[in-house]
């Protein structure tokens, strides 16, 4: 009887163990699938980018960092407001009476072209995109576009139906023709060394403009949804659309792995935050406004949870390193020298001198960035030495571009080590003494310890570089989501007091104090989220995410400003009556005329 009870208990325990293991496997599989679709897990810092970030932190004041973060959206916002200050006439007056609109259209398309062509400086530096050449292309393209629009207005009628969308096709052709005329035929030949970069630039620009064109359509579809069902759109459809858009942009930005967080945050998350701001401003329902805020908070918490898992992995590695340092202080001089430093400095200590940490090869760690980064001459020399060491599996960028020689010099300590290989005399094992066996045991323990150091150091570098990539994306998302509502609020508040407000849907009727309060609450919560990310990582890893944010905004200024200008000028005014944005496709003004 007793044996049967024992057998039964063993059976129950084995069944519970089986269920637990099945759940663990299922959870692990779900976690892997989740990581595959999260932007924060799509890449990692390169060593070159980490060196550049360290250089930026040590040469940039806190005041400059704050000013960069505050002033980044100002150029695009001030330009959009300045264009609205040009007084327009009623579209019913025809194309001749609206000569101010044609001036505005010329300025808008030219500014958008200038901001787009500025990206060539970062993405296609070998084409030599000087300031004069970029201006010639932008002004020529703008003149051609406005001329085409004038011909269409005379032939079809004014406003031209869906001008922002239909006009995109001739604008693309005109831009290519102007670039061919200004830059010459040589860079566009199949054998040209510039061609690979130009193709990457074209794919990047095409994907971004396609996403920018889809945003208004999503806004229109949301408007057709009955009010009682819009909560479903907020909770289910919007996150799915955002996730799909991110995956779309990830596919076109894999070649720019170091720039991927900035590319996606200032495109997908920018459009998403603008959509939420617009919907909250047009919604008369407090329930929907709170639902928008709650959905955004839920997604932010999910991002924090995801990053926290990554951060805990790095923290465990740091704790293991600290424990090892305490046990082997005499042997582990490299570790003990960096026992109280920040995560960035600790990773750099390993990447600059892998031999000191008994690492013979780095797997899955990129040495070179996708494009040259600014750093000191000493850091450039260090990268060249590491490039020739054979330790890094990927020593050049995916584009084969070598980093530029920075004229700025800053002395950085670079550890060096010489590997001395000594021959070991043969020993007759049959006559080993007891002391020799003890020496062999000690040597084996030392080798095991060094292998553990190497494995732990390599894992720390891999996880640390991935964490920095994840942190960069998260802090950019929080920044975009707190800046965009404030930009939208400022723009609408100024527009409300300008004559052009009557040419937008609903005019100023829906812009009341309640709308302002809702958007301010939304922006305030995002600011709090940004500060939480900053202080959390600052305490855990002794590096500043705000510096990381400013690092992206300043060093990738052409890419960031391009997307801000396009997003602000293209999306904030796409509903202007003069642009013919009638998504019912009735175009009544054409029938009336």
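Even glycines carry a Cβ here, placed using N, Cα and C.
Predicted automatically and left uncurated, TrEMBL annotations should be read as such.
Lifted from TrEMBL, the feature list:
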- 65-89: transmembrane segment (TRANSMEM)
- 101-124: transmembrane segment (TRANSMEM)
- 136-156: transmembrane segment (TRANSMEM)
- 162-183: transmembrane segment (TRANSMEM)
- 204-221: transmembrane segment (TRANSMEM)
- 256-278: transmembrane segment (TRANSMEM)
- 473-495: transmembrane segment (TRANSMEM)
- 515-537: transmembrane segment (TRANSMEM)
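Taking Cβ pairs closer than 8 Å, the transmembrane segment (101-124) reaches residues 79, 83, 86, 88-89, 95, 134-135, 137-139, 141-143, 145-146, 149-150, 171, 175, 194, 197-198, 200-201, 204-205, 256, 371, 556, 558-559, 561-562, 565-566, 569-570, 573, 578 in its own chain, all 6 or more past its ends.
In this chain, the transmembrane segment (65-89) lies apart from the transmembrane segment (515-537): fewer than three C-beta pairs between them fall below 8 angstroms, excluding pairs fewer than 6 positions apart.
Within the same chain, residues 95, 102, 105-106, 109-111, 113-114, 117, 163, 167, 170-171, 174-175, 177-179, 181-183, 590 sit at least 6 positions outside the transmembrane segment (136-156) and bring their C-beta atoms closer than 8 Å to a C-beta of that stretch.
Residues 39-40, 69, 72-73, 76-77, 80-81, 84, 260-262, 264-266, 269-270, 273-274, 276-278, 281, 296, 300, 303-304, 307, 501, 504, 508, 511, 516, 519-520, 522-523, 526-527, 529-530, 533-534, 545-546, 548-549, 552, 568, 572 of the same chain, all 6+ positions outside the transmembrane segment (473-495), place their C-beta atoms under 8 angstroms from a C-beta of that stretch. The list of residues near the transmembrane segment (204-221) in space but at least 6 beyond its ends in sequence, with Cβ under 8 angstroms from a Cβ of it, reads 116, 119, 123, 165, 168, 241, 245, 248-249, 251-253, 256, 263, 267-268, 271, 274-275, 278-279, 563, 566-567, 570-571, 574-575, 581, 583. Panel annotation: around the transmembrane segment (256-278), residues 39, 42-46, 49, 123, 200, 204, 208, 211-212, 215, 218-219, 222, 238, 242, 245-246, 249-250, 292, 296, 366, 369-371, 373, 398, 469, 472-473, 476-477, 479-481, 484-485, 488-489, 519, 522, 552, 556, 559-560, 563-564, 567, 571 of the same chain, lying at least six beyond its termini, place a Cβ under 8 Å from a Cβ of the stretch.
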